[in-house]
Amino acid sequence: MTGLERRYRRLMRVYPAGHRAAYEEEMIGVLLSGAPPGRRFPAPADAMDLIRAGLTARLGRAFHLQRGTGWRDAAAVTALFAALLMAGAGINRLIAGLVLWGQGDPLRLHGVDGLMLLDPAMRTVVWPLVVLAAVLGLRRTTVALAVAGVLVQAVVVGLWSVPMNARGLSPVWGLAAGIAITALFAVAVSGRWVRSVLGARGLALAVGGAALAAVTRMPALEGFWVPQGFDQSFFQPGEVIQDWAPVLVLAAATWTAGRWVRRRIAVLSATLFTVVHVLRDVPGLVNVALRGDLGGAEMLSGITVSLLAPVVILGGGLGVLRVLESLADRGHGQVRAHE
């Protein structure tokens, strides 16, 4: 076995065992026959194609093990929730910026007065349009607008990356959320209309939950939700109103969806929330390390653990779903046996 073949076989391990047993020899033969004489390492393009296709096969198999079409419904609802929250965040920041502008703050960025408002203004335009298209059932238009949202979030990262140094990476969470929203809407293109999943009442509750999250986070109202004299305990009024109330309203919005769809929504939402939370924290770790308050090894270990968290959440959620569905299948089998 040549070194090139050995390395190709290592890359093939990313595929599920059944796929390797059926196709590995054929794929290795094609790859080796196309390699120029004397090559010792796989071409970067071949390596990336193998990894991408292998991960796709693994993830596809994992989702295939989950029965029914509930994943498409869950993807549509999760993407709608996330787009609603992105729209609310943009509107919130735009209003806060306009208040500061009215108070005489030039909101100068890159030497241009008012340029700071470009960030929330773009988000306020694109994400409500994504929500509107999703609610109207314009699936492909929704995906196209979500792609525009990703481009907007990329511009936002570019706006802040230079003046804020490492802290300028903070908006990366929005870029990641935009990519995830686009991917979820793309998965849901061939699924049901989101309104048919949630119903009119569920849609109203979803919009209400996002609006509640946006309004309670407006800087002008911070003193209202957290009155003077309250300690910063976990169950202070501000925490309950700002965090738990919107989550409960969004959870209530999913009640009209089927039980298995609700569980899938919970898994996808928890994973997406973890991704956003992690990417909000990582720039802080980098900034602390640049100040010399944290060693390089500590920073890398912290970032590694943080980035693994969404994988653990998704894997754990899929595992729990599989166990629950196996138990349900066993229960149905026992009922049929008694009949």
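Sequential numbering from 1, following the chain as shown.
Keep in mind that glycine also has a Cβ here, set from the backbone N, Cα and C atoms.
All TrEMBL annotations are machine predictions without curation.
The transmembrane segment feature in TrEMBL is assigned to 74-101 (among others).
Feature annotation from TrEMBL assigns transmembrane segment to 121-138 (among others). Same-chain residues lying 6+ beyond the ends of the transmembrane segment (121-138) with a Cβ under 8 Å from its Cβ atoms: 76, 79-80, 83-84, 86-87, 89-91, 93-94, 145-146, 148-149, 152-153, 155-156, 174, 181, 185, 193-195, 203.
Residues or ranges marked as transmembrane segment in TrEMBL: 143-160 (among others). Using a Cβ-Cβ cut-off under 8 Å and counting only residues 6 or more beyond its ends in the same chain, the transmembrane segment (143-160) has close neighbours at 79, 83, 86, 109-110, 115, 118-119, 122-123, 126-127, 129-130, 133, 168-172, 174-175, 177-179, 181-182, 185-186, 189.
Per TrEMBL, transmembrane segment is recorded for 172-190 (among others).
Annotation comment: TrEMBL describes 202-220 (among others) as transmembrane segment.
Marked as transmembrane segment by TrEMBL: 240-258 (among others).
Below 8 angstroms of C-beta separation, residues 74-75, 77-78, 81-82, 166-170, 172-173, 176-177, 180, 184, 254, 257, 303, 306-307, 309-310, 313-314, 317-318, 320-321 of the same chain, each at least six residues beyond the ends of the transmembrane segment (265-283), sit close to that stretch. Summarising the annotation, TrEMBL assigns transmembrane segment to 265-283 (among others).
Sequence annotations record features per position, and here TrEMBL assigns transmembrane segment to 303-324 (among others).
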| field | Winner by Cβ pairs under 8 Å against the transmembrane segment (202-220), considering only 74-101, 172-190, 303-324 | value | 74-101
